[in-house]
Amino acid sequence: MDSAFMIDIVYKLLSGLPLTLNLTVFGLIGGGCLALVLNAIRATPLGNSVASTYVFLFRGTPLLIQLFVIYYGLSALPFVRGSFLWPLLREPYWCGLLALILNDAAYTSEILRGAFRAVPQGSREAAKVVGMTRWEAFRRISFPIALRQALPAYSSEVVALLKGTALVSTITLMEVTGIASAAVRQTWRAIEVFLCAAIIYLVLSLLVTWSFAQVERRLSPWLFRDAR
């Protein structure tokens, strides 16, 4: 392997890193907000059915198919092309981001649902006894406990979404994988190029995992006392 070539390729791939991080961050923000909505509407039978169907559809189908349906499928619908959404949906960036948001929301909503179910009922009852309002009980009791429960699974979802951004290269977006694919077509040196791309994703995944581990250690220090 040519080390000088690989160093040059790494620099080229890093030019796509801002777009990768952009899609990851905004995908997580949008997916997290939508996940909260999905959990909120579960309070009613109809809302629960809607949320369950949504989660089933988006967890049961590949992200790549969802991306293609949004990018290629919606553009074939006349009412979409004539709507106010068309200026956004005709752009690869917004289609890619929308697919990531919708997919992430399905997984995050289940993570949150499991975390809130893990909050002991006795904690909620104790909050009532001491006179806390529902909002105070949520903010001071339920949410902190649920956050600790959700962190390990959510860190895996963040890494999964980060790696999932590679799929937007299939709709012409030039993030890390898109630039890598273009470099392979130009140089025919697939091993070196994709190895460099893999290293970048690996480093990012390690940083995410380490960051969540530090947050978890700070929120639940008693779990790590024996590990010292």
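Just so it is clear, glycine is given a Cβ too, placed from its N, Cα and C backbone atoms.
Per TrEMBL, the range carrying the annotation transmembrane segment out of 20-41, 130-151 is 20-41. When the ranges 101-121, 164-184 are checked against TrEMBL, the one recorded as transmembrane segment is 164-184.
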